[in-house]
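Engineer: Annotated ATP binding site per TrEMBL: LYS113, in sequence order. According to TrEMBL, the feature compositional bias 'Low complexity' maps to 9-51, 390-410. Among the features that TrEMBL reports, domain 'Protein kinase' is placed at 83-367. The region 'Disordered' annotation in TrEMBL covers 1-57, 390-429.
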Amino acid sequence: MSGSGRPRASSFAEPPGAPGAAAAAAGSATAGGNTAGKSGAAQASGSSSSGFGNLKLSRDSSKVTTVVATPGQGPDRPQEVSYTDHKVIGNGSFGVVYQARLIDSQEMVAIKKVLQDKRFKNRELQIMRKLDHCNIVRLRYFFYSSGEKKDEVYLNLVLDFVPETVYRVARHFNKAKTTIPVIYVKVYMYQLFRSLAYIHSQGVCHRDIKPQNLLVDPETAILKLCDFGSAKQLVRGEPNVSYICSRYYRAPELIFGATDYTSNIDIWSAGCVLAELLLGQPIFPGDSGVDQLVEIIKVLGTPTREQIREMNPNYTEFKFPQIKAHPWTKVFKPRTPPEAIMLCSRLLEYTPVRRLSPLEACAHAFFEELRQPGAACPVAATCPSSSTSAPWVSRSSPSSTPRSFLLTPAHRPRPPRTRAVCPTAQPSPAQRQDLLATAPEHLPICAPPLPHTSLKLFCLSVSPSRPPFLPLPPLLLIPLFIPYRLQTVVSR
């Protein structure tokens, strides 16, 4: 933290010993998420939807593997799915993640393979089957397979494959001794809040928001929230485990041991991600729960008795040293946009109910640039490295690279507005109420998406061979401007 004088953890480092922390390959980084009930694996072993017997992944990646899988969404109609070119791209306490290619569509997918306890249903599977949103990694199919040991059953989740993560992108800039451009921060964070608005409207709390779980397609800049291994459908009055969420991103109420928390813990985590992208390093590093709380107090100051009661009533009698809050303007670097600082301060609040809702965050002035028809993103010339080996630099020659990419097509008329408006500043109470009442099929964002065929018109650096990495292609296809599929919008 600039001006704080306190030691920092390694930039973009995985929190040591963090609950559920593991490799984030293909966006599957945590284990767990099982709930008591009738065994889904047991059901599978005797049903036609998973007659896999002793099915195992072939050791030869060139061989075609065919399984009987159930679609992730829709009716349970088993169908044959064939894939090839599978290889391990990640592993951890949760299991193994493979990358494979579907034979029918030739699309790349990620297959997350986890050991299934026959006594329980898999919570991650249950939640992912009900989610359908453009900023959430899609569950295409699922199937069961046997292991090497007797009665060993594995659940295989066939997911969208997305090649990069926000963690890796930010680390690339960090290694170049710079921070990720603010426009990237806006694009990624806006999509994160859209995904949170959707899952929270479904009663689902992710409980492990961190850069490693934010997948990014470098060709389209589309972000997808992944890894629902720690997610849970929160029910008022039912206790939840407090030792959840990776340490650097844990809300203070979790550190205080609260078991009746709400989805506002995801908002705190999102605030930590935003601050980390702006700083180039975690804002609240800590080696333990107590150390984590100390780091938070250094910035926010000592919580008041009322704030402690809001986080966990059982801690009201605890005595804390009185420390004044550190000015937010001194937490960040001098050139940090004031709107970004203000947004961070509204997300990182001790009192959970005072944190902005995801929809309120989307309406924040920090994202106003994304609503402007002439908004543009930087390209290779402004990236931290001009080397063609850098993952975020186009392989086209610098002379052929345009100076900017349009975020929205200025020449296209905006569609007629519905009830929501694009605020130019913090929404007034009336505007906020109007926003929260917006019809599920509409977002207060104006620009329509362009068809895929228009991509090359705005991205002159795309070569016929279609290089795997571009600095930041036009965000015309980004779900930033596509209405979400919220079924209900719940006001706080």
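Just so you know, glycine gets a Cβ as well, placed from its N, Cα and C.
Describe each of these features in terms of where it is and what it packs against.
Structural biologist: Secondary structure at LYS113 (ATP binding site), taken from DSSP and collapsed to helix, strand or coil, is strand.
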Engineer: Average the pLDDT scores across the domain 'Protein kinase' (83-367) and report the rounded value.
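Structural biologist: Mean pLDDT for the domain 'Protein kinase' (83-367): 93.
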Engineer: Near LYS113 (ATP binding site), how many other Cβ atoms are within 10 Å of its Cβ?
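Structural biologist: Taking every protein chain into account, the count is 20.
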